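Novice: If you scroll down you'll find the structure; I have some questions about it.
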Amino acid sequence: MPKFKVTRGASNREKHAPLAEQILAGNAVRAGTREKRRGREVEEEEEYVGPRLSRRILQQARQQQEELETDHGAGDRSAPPRERATRLGPGLPQDGSDEEDEEWPTLEKAAKMAGVDHQAEVIVDPEDERAIEMFMNKNPPVRRTLADIIMEKLTEKQTEVETVMSEVSGFPMPQLDPRVLEVYRGVREVLCKYRSGKLPKAFKVIPALSNWEQILYVTEPEAWTAAAMYQATRIFASNLKERMAQRFYNLVLLPRVRDDIAEYKRLNFHLYMALKKALFKPGAWFKGILIPLCESGTCTLREAIIVGSIITKCSIPVLHSSAAMLKIAEMEYSGANSIFLRLLLDKKYALPYRVLDALVFHFLAFRTEKRQLPVLWHQCLLTLAQRYKADLATEQKEALLELLRLQPHPQLSPEIRRELQSAVPRDVEDGGVTME
């Protein structure tokens, strides 16, 4: 008997059921092949609009809304007019490389949601302020800005135009092309009115130029808005080398911060965020902002509190902090030095013994001081005793206890003495300690 041939796919087909079962099954609902369709619908729903297309859609919607408001007037007359962002021309590319330019509005909203008021006036104790003024430099050096240095270089070029300058004395600055001057004068107009939005491309390429200081001088940094200063700090901190970033901090950012505090008795939120953003390069921040502020001898209590709050809130590498503490401990004393040292000590770093020795010598230098030391000085000494009492040698502890006798404070000196006497010196072996 020949073999019965089965066609392809016949094995998967269902055999015919009896007629009664077919009639009963006909009344039931069958799912059919809807599963595949559902899978396709889910895949279609998961597709989303790309970020570039979303920005274009929002831009077109915003332009149409502005056209309607211009033709028919705003719907709500009682609402205050919305502050427009500075437009920099239609020719700028709308790619995703400039998304970070919108960072400031996000920061402002976050600050409002958190209830943080960086513009609140700093409360200063009058007694502490008078005590700090006693240790201020009576003949402070003249502060130099970027404009002063550029003008000095231009004057040198005019007086020595026919002289071939050696590598030691430097080189004369070249004349700028008139077209370049025209471009950056336009950038200056934008930065003087900048509130939010994207920055000109010509401004973003300044860190890559060899004569970036001269170009920056054309834009007149002293006339920038606070928001423009924040964006400039973000760009220069990210793209300049540490040495060049230090010059920008010292010649542009620091004078602006000090002038703003002196005028308004508080610091603008944009400038405060600029100081925090500058910590992207901690070495340049210490060399360009903190150390010059202490060396000036004119740092006020309000300036020290505001700048010191950034030290408290931000994470700083231990090597940079140790070097800064060593430098502050060895320089001439001013009241603000105690604030910065206390804040750095409160971060509880594992400091090298060289830094601890310099801090001890810093305090021992006041054994013959005739002026009344401020409370901030005693607080700094108390912080040193609390954080690093186990890292001090026996001779250092004895010298500090003698210092407390010469420079006493009715409330803080007993606490400092108790901290020093409760710890085992670092030069005493564990085996030599006897338990009573």
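Positions of Cβ are set from backbone N, Cα and C atoms, glycine also.
Keep in mind that this is a model prediction, so the values were computed, not measured.
Feature list, courtesy of Swiss-Prot:
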| type | residues | note |
| --- | --- | --- |
| COMPBIAS | 32-41 | compositional bias 'Basic and acidic residues' |
| COMPBIAS | 70-86 | compositional bias 'Basic and acidic residues' |
| MOD_RES | Arg40 | omega-N-methylarginine |
| MOD_RES | Ser54 | phosphoserine |
| MOD_RES | Ser97 | phosphoserine |
| MOD_RES | Thr155 | phosphothreonine |
| MOD_RES | Ser166 | phosphoserine |
| MOD_RES | Ser413 | phosphoserine |
| REGION | 1-103 | region 'Disordered' |
Novice: So if I draw a 10 Å sphere around the Cβ of Ser54 (phosphoserine), how many other Cβ atoms end up inside it?
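Specialist: For Ser54 (phosphoserine), the 10 Å Cβ neighbour count is 11.
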Novice: What is the interatomic distance between the Cα atoms of Ser54 (phosphoserine) and Ser413 (phosphoserine), given in whole Å?
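Specialist: Cα to Cα, Ser54 (phosphoserine) and Ser413 (phosphoserine) are separated by 64 Å.
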Novice: Give the number of CB atoms, excluding that of Ser413 (phosphoserine) itself, located within 10 Å of its CB.
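Specialist: Excluding its own Cβ, the number within 10 Å is 18.
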